[in-house]
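Since the structure comes first, as structure tokens, the remarks are kept for the end.
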Amino acid sequence: MTATDQTLPALDEPIPARIPGWLRAIRARRGEAPRFLNLHDYAPAARRLLPRALFAYINGSAGDGRALAANRAAFDRWCLVPHVLRGVSRRSARTHLMGHHYAMPVGISAFGAAAVIGFDADRAMARAAYAAGVPYQLSANSITPMEDVIRDNPDAWFAAYLPANPSLIDRMLTRIGRAGFRTLVITVDVPVAARREDETRAHYAMPLRPSARLAFDMLSHPRWLLGRLGRTLLARGIPHIQNITPGRGPSIFARSVGAVGGAADFNWDHIRAIRRSWPGRLVLKGILSAQDAVTAQQIGADGIIVSNHGARLCDCVISPLEALPAIRQACPDLTVLLDSGVRRAGDVITAIALGADGVMIGRPFFFATILGGQPGLAHAIGLIAGELDRDMAFLGLLDLRESRENRLHRRG
Ligand SMILES: Cc1cc2nc3c(=O)[nH]c(=O)nc-3n(C[C@H](O)[C@H](O)[C@H](O)COP(=O)(O)O)c2cc1C
């Protein structure tokens, strides 16, 4: 079986969904070039669709954007040596992660406020991931009740931001467990709220603060205003951050939303206690040092996500790909995933060659969902699956782990 087996979406659809059939036909007749050929193609289209404030929220990064650039540059330093004539028709990207089989080792990152920006975006992502057989993480900062999302994707992972209060943690774990989640990801890299200057300049804030400037920004993007926000308000009412507290969370206009994400006193003792009471798989997201990876493993975490949060928090932080080799060396048996800057199949293979078991992709998958809902994300997943399948063939890899066998080369 290849990476493009029946669990993955069709790869050839050039124009993403949400475009009516008649418009597709006209475009096809005019011979219009496909718009989305790779994951880089989504940001420009999203920039046109979205109010400035929302595009800045998604696309933004910390400080001067050095960590963001370094996340990509880290991949540029590596290439792979092909082995030819290996009979590659049996190649497969299928992967086993923490007791579960996936169609490929590429998952969907966690996104806060997704369904404020894309209509029913949490459910669209959950469904697209399930149909494609890839991992999906629902953020605690999400709008759709976790109980609804898990019905769409019984394999969804819950990415929690937890407070430092043990009884609140217990109640939160009870809710997550009762909903049916079996994989709990704890995001551990946001002890205080981040500040992204592009967002501030574009008047993005959470809680949303209505202003003439924001209203103008939204009114000047009517396709988004009517097709996304209008639809959400009509169908779902005022969005609430549904999954950050044991009960229904605050509305996106409530002052208490500002406190989300920052738990400065949350520490390893809380993780130890959680490990004792959470029976499912436990993954820590935001680990960048070998020492922390070892601690996570000693505590009994099933996996870690080596991540700098897409360079959204701190501009002087190491890139995950640079941190990965030391982490893998220190923890040979731990499930190690990586995110931040992964955009191409070559990045996926490089990360695996350097010791990752799989990767997650953030912003491009979020943009694809906003632009095209579930079919839009399915198309994006299909693009990376197709790249992966072709790259495996060209490199002579029957299995992605073969990339660890003396295939990496550091560019001169
Ligand atoms: C708009 C946006 C919202 C995010 N919200 C969360 C979140 O709620 N929880 C979390 O753990 N990570 C969150 N992240 C970080 C992603 O899960 C992921 O680590 C990052 O986007 C990966 O980098 P990439 O975008 O370069 O692929 C968010 C990222 C973006 C772009």
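Just so it is clear, glycine is given a Cβ too, placed from its N, Cα and C backbone atoms.
Unlike curated records, TrEMBL annotations are generated automatically.
Source: prediction; values computed, not measured.
Annotated active site, proton acceptor per TrEMBL: His309, in sequence order. Residues within less than 8 Å, Cβ to Cβ, of His309 (active site, proton acceptor) and separated from it by at least 6 positions along the same chain comprise Thr187, Asp189, Val190, Ala194, Gly286, Ser340.
Every protein chain shown contributes to the tally, and the Cβ of Tyr57 (glyoxylate binding site) ends up with 22 other Cβ atoms within 10 Å. What TrEMBL lists as glyoxylate binding site is Tyr57, Tyr161, Arg196, His309, Arg312.
DSSP classifies Ser307 (FMN binding site) as coil under the three-state reduction. When other Cβ atoms within 10 Å of the Cβ of Ser307 (FMN binding site) are tallied across all protein chains shown, the result is 28. Taken from TrEMBL, the feature FMN binding site covers Ala110, Phe111, Gly112, Ser139, Thr187, Lys285, Ser307, Asp339, Ser340, Gly341, Val342, Arg343, Gly362, Arg363.
The two recorded residues Ala110 (FMN binding site) and Arg196 (glyoxylate binding site) have their Cα atoms spaced 18 Å from each other.
Annotation for the binding-site residues Arg196, Arg312: lowest Cβ count within 10 Å of the residue's own Cβ, Arg196. The binding-site residues near ligand 1, defined by a Cβ under 6 Å from one of its atoms, are Ala110, Gly112, chosen from Ala110, Gly112, Arg196. Within the set of binding-site residues Tyr57, Tyr161, Arg196, the entry lying nearest in space to Ser307 (FMN binding site) is Tyr161 (CA atoms). When secondary structure is read from DSSP and collapsed to three states, Tyr57 (glyoxylate binding site) falls in the helix class. The record assigns Ala110, Phe111, Gly112, Ser139, Thr187, Lys285, Ser307, Asp339, Ser340, Gly341, Val342, Arg343, Gly362, Arg363 to the FMN site; their largest pairwise CA distance measures 22 Å.
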